[in-house]
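Chemist: These came from TrEMBL, pasted as-is:
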- Glu163: active site, proton donor (ACT_SITE)
- Glu373: active site, nucleophile (ACT_SITE)
- Gln17, His118, Asn162, Tyr297, Trp419: substrate binding site (BINDING)
Amino acid sequence: MKFPNDFLFGAASASYQVEGAWNEDGKGLTNWDEFSKIPGKTFEGTNGDVAVDHYHRYKEDIKLMAEMGLESYRFSISWARIIPDGDGEINEKGIEFYNNLIDECLKYGIVPFATLYHWDLPLTLEKDGGWINKRTSKAFVKYANVCFKAFGDRVKNWITFNETVVFCRLGYLTGAHPPGIENDPKKYFQAIHNVFIAHAQAIKDYKKLKQFGEIGITHVFGPAFSIDDKPENKEAAYHANQYEIAWYYDPILKGEYPEYVLKQLEEKGWTPDWTEEELELLKTAAPLNDFIGLNYYQPFRVKKNDIAEEQENSRENSTGAPGNASFDNVYRTVMMDDKKYTKWGWEIAPDALLEGLRMLKADYGDVKMYITENGLGDQDPIIEGEIVDIPRIKFIEAHLKAVKEAIKEGINLKGYYAWSVIDLLSWLNGYKKQYGFIYVDHNDNLNRKKKASFYWYKQVIEERGESL
Ligand code: BG6
């Protein structure tokens, strides 16, 4: 079977991880411009000042994407390029940059899929409380409207936020991302709610503009599975899925937060400050979501947590590998002997993607979905100057097979975006961990080179995945 004609084969990036040009053409400072320079926060002190210089090389990069046959490029817009202080004046140079980038995609027939927020928050807003302050939600809505009006004639696919769980959890529970706050569940849940009302208002505004494109949000998709049949571990997995899936997906797709979590938040005094009006906004916005984006890297194998210990909030503990207790100490994620893992300890499990998609269909029906990120973080093998990233090919192949199977089962999946189109800055792992189809030589002027996976993905796209 070939993939259906309306299925998009894409690849993704994010502004802070590729652009560089951190202080050029009127861009304002962001939380990450500051945070990444605090000693010890990132791997070997890496930051996005230059990143892979996509800001200056986007033409070369998009030409390579076109050569690969890429059908869609998911990129993110840096809010601080558009509105440098978050909610004040518009920076025309910022608009110009994304106009050029979008036009360059369209020149080759590549569908631009734009994310409005992939974690780089204007510093002025961060200093004023960031996502804890509803000023940030309002500012986001204003910024989103500026983008819809400037780019909406050509951008017909919008994602409001990328992975709320990650920037809120790492921002307010482990402290590994800005604003670097540790162990503050009250703030964590507040930040999430403030993001969701910003999302809800932004999609309502988008629909009013009648640009006839589609809009949604992207969440991490990390379904939890019990390590065995013991009732206490099954309960732990249920708890994990309520806090990690339902808490995020329900308010977007059903318009209300899940009862199970709500009840516990109330008992613990963690309920966000919200108004009836905001809860109503979530309800009325829910049916307006055109799709949900899923970033799938790994599932979680969980068991009841029976070790009462203080969490150590190190950077290493925040880079995604299992082996930690949940923030509320109810469950623990574990590595299992019979599973396969990447060099960074992330489980490789295409079968769990398929199983998870079935769970989503059962809970949320036929909602349209895109895999907006999926890929292998690796230290790629280089043999005689060639980047032979066979493990990446095997990884993506297996996951695309799962996607194909899901489509055959009637799951409404409309695209797959590999993470990432080009090697880029990993927030906490620097440049050592690579994801791209295109290699960037940090020892030679950031020169681009096609990896083995580049040619492989090109072929997959050409034959629309028939031989997968
Ligand atoms: C996702 C993010 O969480 O995972 C990306 O959306 C990120 O921005 C990717 O790069 C991979 O994470 P890491 O830690 O391996 O770079």
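Using the three backbone atoms N, Cα and C, a Cβ is placed for every residue, glycine included.
Note that the coordinates shown come from a computational prediction; the quantities given were computed from them, not determined experimentally.
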Chemist: Would you mind pulling the longest C-alpha to C-alpha span across Gln17, His118, Asn162, Tyr297, Trp419, which the record has binding substrate, in angstrom?
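Modeler: Per the listed residues, the maximum Cα distance equals 18 Å.
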Chemist: Beyond Gln17, His118, Asn162, Tyr297, Trp419, what residues of that chain have CB atoms within 8 A of the centre of the substrate site's CB atoms?
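Modeler: Close Cβ neighbours, site residues excluded: Ala12, Ser13, Ala14, Glu163, Asn295, Glu373, Ser420.
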Chemist: Should Gln17 (substrate binding site) be counted as helix, strand, or coil on the basis of DSSP?
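Modeler: Assignment for Gln17 (substrate binding site) reads helix.
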Chemist: Helix, strand or coil at His118 (substrate binding site), per DSSP?
Modeler: coil
Chemist: Test of understanding: give the count of other CB atoms lying within 10 angstroms of the CB of the residue listed as 'active site, proton donor'.
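Modeler: Result for the residue listed as 'active site, proton donor': 23 neighbouring Cβ atoms inside 10 Å.
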Chemist: In whole Å, how far does the CA atom of Asn162 (substrate binding site) lie from that of the residue listed as 'active site, nucleophile'?
Modeler: 10
Chemist: Given the binding-site residues Gln17, Tyr297, Trp419, which lie within 10 A of Glu163 (active site, proton donor) by CA-CA distance?
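Modeler: Checking Cα-Cα distances against Glu163 (active site, proton donor), none of the binding-site residues falls within 10 Å.
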Chemist: Calculate the distance in Å between the alpha carbons (Cα) of Tyr297 (substrate binding site) and the residue listed as 'active site, nucleophile', and round it to a whole number.
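Modeler: Answer for this pair: 8 Å between alpha carbons.
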Chemist: Tally every other Cβ atom lying within 10 Å of the Cβ atom of Trp419 (substrate binding site).
Modeler: 23
Chemist: Could you say whether, by DSSP, the residue listed as 'active site, nucleophile' belongs to a helix, a strand or a coil region?
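Modeler: Looking at the DSSP assignment, the residue listed as 'active site, nucleophile' belongs to a strand.
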Chemist: Measuring CA to CA, name the entry from the binding-site residues Gln17, His118, Trp419 that ends up nearest the residue listed as 'active site, nucleophile'.
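Modeler: Checking each of Gln17, His118, Trp419 against the residue listed as 'active site, nucleophile', the shortest Cα distance is to Trp419.
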